[in-house]
Amino acid sequence: MNQTKEQKEVTKFIAKQSVLLLKMMDGYLNENFEVKSKNSSEEALQRWRKLCGVVKNHKRRFRFTANLSKRGEAAAMRRTNQKKLRIAVLVSKAAVQFIQSVQLTDYKVPEEVKAGGFQICGDELGCIVEGHDVKKFRYHGGVNGIAEKLSTSTTEGLNGDSELLNRRQQIYGINKFTESESTSFWVFVWEAFQDMTLMILGVCAIVSLLVGIATEGWPKGAHDGLGIVASILLVVFVTATSDYRQSLQFKDLDKEKKKISIQVTRNGYRQKMSIYELLPGDIVHLAIGDQVPADGLFVSGFSVLIDESSLTGESEPVMVNYENPFLLSGTKVQDGSCKMLVTSVGMRTQWGKLMATLSEGGDDETPLQVKLNGVATIIGKIGLFFAVVTFAVLVQGLVSQKLQLGSLSSWNGDDALQLLEFFAVAVTIVVVAVPEGLPLAVTLSLAFAMKKMMNDKALVRHLAACETMGSATTICSDKTGTLTTNHMTVVKTCFCMKSMEVSNNKASGLCSELPESAVKLLLQSIFNNTGGEVVVNQNGKREILGTPTEAAILEYGLSLGGDFQGERQSCKLIKVEPFNSTKKKMSVVVELPDGGLRAHCKGASEIILAACDKVLNSNGEVVPLDKESTNHLEATINQFASEALRTLCLAYVELENGFSPEDPIPVSGYTCIGVVGIKDPVRPGVKESVAVCRSAGITVRMVTGDNINTAKAIAKECGILTDDGIAIEGPEFREKSEEELLELIPKIQVMARSSPLDKHTLVKHLRTTFGEVVAVTGDGTNDAPALHEADIGLAMGIAGTEVAKESADVIILDDNFSTIVTVAKWGRSVYINIQKFVQFQLTVNVVALIVNFTSACLTGTAPLTAVQLLWVNMIMDTLGALALATEPPNDELMKRSPVGRKGNFISNVMWRNILGQSLYQFMVIWFLQSRGKSIFLLDGPNSDLVLNTLIFNSFVFCQVFNEINSREMEKINVFKGILDNYVFVGVISATVFFQIVIVEYLGTFANTTPLTLPQWFFCLFVGFLGMPIAARLKKIPV
């Protein structure tokens, strides 16, 4: 009876101390183990690493965290490159002044290059471009001379013959940078052996073997030692297998991240090609937002501005033209478009060398990884303290026993073995108490989710985005291509003040309804003022290249009977200002066949119309744009927009006073040709996906550059714009004061005619002022700041530029809004799966720790041996993570409110479940320890062994059923969908199977003995009883 009171007192004490400990733990974690989901400072990353005091295996614990030393090397290399390139630019500028007075010595072509059919080597090409060497550039005959020496054509591109390409590849190399070799399985085995506690246990096992064989002979004396060795090997190989599989998944995902395509001319045909297939001599087509894929030379183009900050550190963009033709790999096209001749690829470029170093730096660790490293550190320190105390108590018990027997001065082999066993138990308490698997479970769950999300058309570029997306409270989505299909067609027009509907069989008939002069002017505008192109592909069929908007207008021009090539050849392009999301227009200046100059402009209808002061009337004559005509055109634009059509206005101006390419294209004085209405249907399933977001507590906002009426019509069709929501235009949003924005922003559901800066401002306010977790979609170069600012940047895989993709955390491969909702669902799944695993593992930690400690203190023995604790450790660590961290998402996840920015990861619900289950398991084991022998009528020399086997078996089955309980933290039905997760079923089945084998057949090594049927039934019942107790716990409000 006294022992029962003692147990109750200990239980109360433990419960009180646990609550106090939890509060202290939360404060400590928030203070020291807090990092941002992206762009964390190096100081924050270093701080938590220094605080991880108790780490069993450094290599394994920190495998999936950023390598800060490698990042330092990459930063130093970048600084060196920046200095070299800045000097090269200055030298090239100075060289231009002396180019005429200095003669170069003759360049000698290496024999192997000459034998390959080329007249210039890779090193010489590298010196020209990387060194901005104008002298050598001129010496080799400029772009055309170098193209000739590379056996290529600036118009037709390379010959696609495979033998010729292979020869070129052997001489000049491939466009890939050196990557670290794949880590073999045996390296993971070796790293798993680096676990300090396993190494200590290994030494204990060897000593146990030697002492056991010396005292008891072979094989009886070897059983304990061999049991520990076998357990260590099992733990190591299971751990290594799990880690190896994770590394393979990440390698596959890295390959997907690096799949970049670019437009290339080969064999006279323009085609899409992987950047890794590029070779010197290729002709690459670059447009705004592209990353330059290799070193090269400018062939032709307009208004090309290059952002070289990634290499030189200079924030000012560089103008690339015939005078400064050098293009460097890794830089970005900020404006304009051009053709480029590739000169150097792969590791021959500075970017290749830099990327080879950067790739070894790794991704930043995620907030959950860091937080769980903190949890592991705290519990590890507690476990270490308990282990030391346990060892001291056990040794004190042995010494007291020897004092009573009067044999303190005489120690034999049995005493040494017992001391060794005490030490092994203490070490194994550390093995179980340090939850090394917590941060690694995050990586396992993220790797699993990333692989599955890839199948769902979402490519995760940064690990943290997976878990952050689960907390998202707001999605700011583009309209075109995300909410709509991006398959555009011109369905309505208004030319010469006449509104007309367009259909496939009626398009050509429109020519008869319009004056011939107006049709000619219209076709000239369509085919010259475009970022697209009409080409003949390899199959001999006509193909339209360019954005969906450009393709729709070109298709319309062709349907009118226009000739793209004929129109382009009859006029000469003098200057091009490509479309961008700030100006919302595209302009060109052309020289007409008669020598006259004309500027064409197209873009956002209101902006272009405001620049016009004349219009073509019904006879095709130019007349002043009076108020009546303006009202008619504005009404037409609004009517088209209200029908969810995208409207573009086309205009021109005669340049009678001449024009120089250095002059800006006029911004006023235009003559309005007319307006086109382009249909871009809403994607199927978008309305349902928006409804799912709303039920999940996620607000969807549309941010678009389109007309406000078009935006509102689409938003209503998608279910985004509601009766209490606000639609606002970017210019109006910009004029609001801070106080007005505070009241306005929560109500904004649609922002039209927005600039990239408007999107950035909206995102920043939502994140900082309102504490929202914001996901933002983007496809253009100018979207990069908003993607960077957002908690989760989502770039479009099809319509998105390389600049946008590089700034994003997730790439939506099919540009579909429904995929964004899938990403949110997976994000929630990752977050909750890790919570389930943490709940399960902390329960095992708490119970195993307290049982062995209290038992050692009160009885002088530990009921769970080293081998048994190693098996328990494997159940809760590697196998537990596999089972719980890989649960697939279900639709119920999207019916919960988001966690948001302030949510505690280890929630009150989890603590309730952990403490409740721990208390139950602790009481069961104590009950067995105190009353087990009398209940099961155990007597004789074997009674302690049977009782300890019962305790071990009951403990394991408590974990098996608790693992099933952990599938749901709040719902009582934990069996729903259990058969859909074959990994979970496999882990539970394997655990039960091996538990039976350990108890019934491996007793010699595991310190167990076969149990009777009633004893087995009791163990199962005790484990199962945890389920109704868990159900009752879930009804306790917290």
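Glycine residues also receive a Cβ, built from the backbone N, Cα and C atoms like all the rest.
Mean pLDDT across the domain 'Cation-transporting P-type ATPase N-terminal' (137-213) comes to 82 in this model. For 137-213, the entry in TrEMBL reads domain 'Cation-transporting P-type ATPase N-terminal'.
What TrEMBL records for 196-214 (among others) is transmembrane segment.
Look at TrEMBL and you will find 226-244 (among others) tagged as transmembrane segment.
Annotation source TrEMBL lists transmembrane segment at 378-399 (among others).
Nonlocal intrachain contacts for the transmembrane segment (419-449), taken as residues 6+ away from its ends with a CB within less than 8 angstroms of a stretch CB, comprise 54-57, 60-61, 64, 195, 197-198, 200-201, 204, 207-208, 211, 224, 228, 242-243, 246, 249-250, 253, 366, 368-370, 372-373, 375-376, 379-380, 382-384, 386-388, 390-391, 394-395, 398, 460, 463, 466-467, 826-827, 829-830, 833-834, 837-838, 841-842, 844-845, 848-849, 852-853, 856, 862, 864-866, 869-870, 872-873, 876-878, 880-882, 884-886. Residues or ranges marked as transmembrane segment by TrEMBL: 419-449 (among others).
Long-range contacts of the transmembrane segment (842-864) within the same chain, counting only residues at least 6 positions beyond its ends with a Cβ under 8 Å from a Cβ of the stretch, are 6, 10, 14, 18, 375, 379, 382-383, 386, 389-390, 393-394, 397-398, 401, 422, 425, 429, 432-433, 435, 872, 875-876, 880, 913-915, 917-918, 921-922, 925-926, 929, 947-948, 951-952, 955, 958-959, 962. Per TrEMBL, the feature transmembrane segment maps to 842-864 (among others).
Annotation comment: TrEMBL describes 945-962 (among others) as transmembrane segment. For the transmembrane segment (945-962), the list of distant contacts is 840, 843-844, 847-848, 851, 863-865, 868, 871-872, 875-876, 917, 920-921, 924-925, 928-929, 932-933, 936, 938, 988, 991-992, 995, 999, 1003, 1007-1009, 1011, 1015-1016, 1018-1020, 1022-1024, 1026-1027, 1030: same-chain residues at least six beyond its ends, Cβ to Cβ under 8 Å.
Cβ atoms under 8 Å from those of the transmembrane segment (982-1003) belong to residues 227, 871, 875, 879-880, 882-884, 886-887, 949, 952-953, 956-957, 960, 963-964, 967, 1009-1011 of the same chain, restricted to positions at least 6 beyond its ends. Annotation source TrEMBL lists transmembrane segment at 982-1003 (among others).
The transmembrane segment annotation in TrEMBL covers 1015-1033 (among others).
Within its own chain, the transmembrane segment (1015-1033) is flanked in space by residues 912-913, 916-917, 920-921, 924, 936, 946, 950, 953-954, 956-962, 964-965, 972, 974, which lie at least six positions past its ends and keep a Cβ under 8 Å from the stretch. Long-range contacts of the transmembrane segment (226-244) within the same chain: residues 60, 63, 183, 185, 188-189, 191-193, 198, 201-202, 204-205, 208-209, 424, 440, 444, 866-867, 870-871, 873-874, 877-879, 881-882, 1002, 1004-1007, each at least 6 residues beyond the stretch ends and with a Cβ under 8 Å from a Cβ of the stretch.
According to DSSP, the secondary structure content of the domain 'Cation-transporting P-type ATPase N-terminal' (137-213) in residues is 48 helix, 3 strand, 26 coil.
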